[in-house]
Amino acid sequence: MVSVLGFYKDGSVNIWVRPIEGITVIVDLDKVAVVEYSDYEVLPLPKAMGTEYQAASEIKPPFPIPVKPITLVQPDGPSFKINGQQISWADWSFHAAFDVRAGLVISMASIFDMNKGKYRRVLYKGHLSEAFVPYMDPTEGWYYKTYFDGGEFGFGLSAVSLQPQKDCPPSAAFFDGHYADQYGNPVRIENGFLRVRTIVEVRKEVSLVLRMVIVVGNYDYITDWEFKRSGSIKVRVGLSGIIEARATHYTHEEQIKEDLYGTLVAENTIATNHDHYLTYYLDLDIDGEENSLVKTKMKTATSNGDTPRKSYWTVVRETVKNELDARMKLGGEPDYLVITNPNKMTKMGNKVGYRLLPSSPSTSLLLNDDYPQFRASFTKYQVWVTPYNRSEVWAGGLYADRSHGDDTLYTWTNSNRDIENKDIVLWHMVGFHHIPAQEDFPIMPTQVMGLS
């Protein structure tokens, strides 16, 4: 039994945004018959204007300035080898398969151990298991829309063909996917790796990345600012380098009976636990200087009982008015933070704004009265907002060396100044609690964190 949705297909290929609302049709797929029909509400049909998205159409792209083509070349050919479904690359060897429900399945993944002279198993089998997509509208016609994309539709069944040199670089190799349809007939999806009736269109995305590598003592910071044609900005920092170690008389984990404040990574070598907190200064002027921070929270609500749906989540928006309320620890509850210009509206009446997409919600675990925490009190929260002040640039104060923490982002915000509809600065901290592993010795793999 399925509920069949209605869409109006004339005037635009983008049928998904032109629903015929207010009609419910239940179909018995075994009988191939409509068993229930309900016409419970009359609502206007959404207009076709502004719904077109195909590149071949007459629409004007929002960012029309072209960029020159980029060519990726491997003069000696690709490094991977394919033998049937078995793939080997560098030290890795694994099997890739296609499943009608799971989609891409990786199995028997092993890595070659040079010291032992053999492959060692890492992953027996791995695949996407399920995706649950519940919609938060408990009304008639919508309350049942709580999809299981894998179990109800099938990730493999929904796979589309990849387009060479758009989805993947020129050196890519492609596999076909095969499955049996409901009548037992084989179906082939060309280039299904690395169909509801839909239009598949792929466009190349070109970003501009400004990169700088910073070496501070034993640590390397790989800093990226990525400007995307969508208008978004991604900021990433990669942490690598050599771990800071101390000597010990221990040579094996079984000998240790005390807290060593770190990990035994080699004989007589302890890698000490530590943190990395990176605070970004973001003086945003979104469509002008007068901006505000809007904090959006989601809370569980109970439906009114008109449908079988009992609960959903709803949105509560709050414009933050002062600095103390702008101090936030992320990760405890869903937070949706937007810097808006309350004086500029879109055509639909929404405030113009940029959303903060954090990735590493870590804060300091030191006690507030500990001397290092005095100096780095700006690590107590991930988000801060201050009114613009030309002297407030450095989160740790202008003179960080031997500071007593009396000139920091924390002390400035204790003034609790007004930040609504002002020229404001957003400060965002990304953090990484580093519990060293043996694999971090003698040089650690890059750990990436950042924000958008």
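Glycine too: its Cβ is placed from the backbone N, Cα and C atoms.
Whatever TrEMBL says is automated annotation, not expert-curated.
For the domain 'Copper amine oxidase N3-terminal' (5-42), the list of distant contacts is 48, 51-54, 140-141, 199: same-chain residues at least six beyond its ends, Cβ to Cβ under 8 Å. Per TrEMBL, the feature domain 'Copper amine oxidase N3-terminal' maps to 5-42.
TrEMBL lists Asp149 with the feature active site, proton acceptor. Sequence-distant neighbours of Asp149 (active site, proton acceptor): residues of the same chain at least 6 apart with a C-beta under 8 Å from its C-beta are Glu130, Ala131, Phe132, Val133, Phe155, Ser158.
Remark: Tyr219 (2',4',5'-topaquinone) has Leu239, Ser240, Gly241, Ile242 as non-local neighbours, by Cβ distance under 8 Å and separation of at least 6 in sequence. As annotated by TrEMBL, 2',4',5'-topaquinone applies to Tyr219.
Here TrEMBL flags Tyr219 as active site, schiff-base intermediate with substrate.
Sorting the domain 'Copper amine oxidase N3-terminal' (5-42) by DSSP state (H, G, I as helix; E, B as strand; all else coil) yields 3 helix, 15 strand, 20 coil.
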